[in-house]
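Worksheet: the structure to be examined is printed underneath.
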């Protein structure tokens, strides 16, 4: 019996993982009987009972059964319990009797696609951030009250207040509690806000509470601050606009005078009682007095009876306004909308004109080609000498004109050319031809005046002068 018990661990180690239900049951029974005999001989009932219970609880472990049966006393039973527990834990780590092999246990790893990864990152970058989405659970009254509190107490505009509300998932209480924790961005004026302010200012002037009706997002303090920064940069009315306005005013006044003269009533003429004593004045002097009174009465009647300039009343509008109160408000609203649209067009046209004027103020200087300034050269080439002789034939002693024709020679150098090359190019004969053609009285320079010699005239190259003189003598002789 002891020998068989010692071989138990080896056998159980070789057959690990392949025990059947029958072998497990027989092993459990033998282990229980061995534990009972050991407990009776040693007198340690508690230790043997614990060993038997552990052996019965693990029927698949042959090592536990053999060690528990071979324990002669309590100490050996405790050692066999520790070894059996380590074996069972190793079996559990190995998956309860085998490895999980097969395609059903493998993870599906996709292929690496860098283009797809870059596309996903680009899509994430291009996605915008949602800052507001309406919710049906919120009523318009609560939403307006929340926006008003955010504007008045904390300085938020409508977009910032709605963004805070959307961040807290449309919870007004949390949003109101979180509003003091942040400082809103400074008030910024967009192009549309500036255009609306200019239109409202043209309508209402400095009545800022009426301007605020067209810009409800702006406070009166913000409107006043923007007004003082805007009025310094706005362009004044052009002369053309003032002239057109003046002509229109004169035309309207002439039309009003014609209407008053054609359909005037003598009763409308007001006569000052203090002037009744002047009835004995000759009739030649009464005409301008009556005309003056007539003009004054016409101005008073026109101011009383006619609407402001540019305004008129149509019969259809009067009938629609007199029908009921709602129709009157509708007509007035339509007229206001038309007026606003027309003034917007005017403002856009003025802005376009001002931009074009700014472009015209620069002039054409940036587009002008730069003038090429030639430096004066002391040496006379063959072409320059021939050109100088031809210029003398055309302009005579006009040294400035000859200098301009040559381009790179000053007036002093041209005078020195007269002296140095007088004999070689027969300049005297050329001057005689010019005088015969234009007359001696039209000579434009003193013939006896000696030219001022400059340091540049002292530079002479004999070989070049002889060569140029020979070439020009041949050309001039053939031409003559």
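Each residue, glycine too, has its Cβ placed from N, Cα and C.
Note that the structure is predicted; figures quoted are calculated from it, not measured.
Quick look at what Swiss-Prot lists:
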{"type": "REGION", "residues": "1-105", "note": "region 'Disordered'"}
{"type": "COMPBIAS", "residues": "21-58", "note": "compositional bias 'Low complexity'"}
{"type": "COMPBIAS", "residues": "66-89", "note": "compositional bias 'Low complexity'"}
{"type": "REGION", "residues": "72-251", "note": "region 'Interaction with HDAC1'"}
{"type": "DOMAIN", "residues": "97-183", "note": "domain 'ELM2'"}
{"type": "CROSSLNK", "residues": "116", "note": "SUMO2 cross-link"}
{"type": "DOMAIN", "residues": "184-235", "note": "domain 'SANT 1'"}
{"type": "REGION", "residues": "238-308", "note": "region 'Disordered'"}
{"type": "COILED", "residues": "238-265", "note": "coiled coil"}
{"type": "COMPBIAS", "residues": "272-282", "note": "compositional bias 'Basic and acidic residues'"}
{"type": "CROSSLNK", "residues": "291", "note": "SUMO2 cross-link"}
{"type": "COILED", "residues": "328-363", "note": "coiled coil"}
{"type": "DOMAIN", "residues": "375-426", "note": "domain 'SANT 2'"}
{"type": "REGION", "residues": "436-466", "note": "region 'Disordered'"}
{"type": "CROSSLNK", "residues": "460", "note": "SUMO2 cross-link"}
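Taking all protein chains in view, 11 other C-beta atoms sit within 10 angstroms of the C-beta of residue 116 (SUMO2 cross-link). Secondary structure at residue 116 (SUMO2 cross-link), taken from DSSP and collapsed to helix, strand or coil, is helix.
Per-residue pLDDT, averaged along the domain 'SANT 2' (375-426), amounts to 86 for this model. Secondary structure counts, DSSP: the domain 'SANT 1' (184-235) has 32 helix, 0 strand, 20 coil. Note on the domain 'SANT 2' (375-426): DSSP counts are 32 helix, 0 strand, 20 coil.
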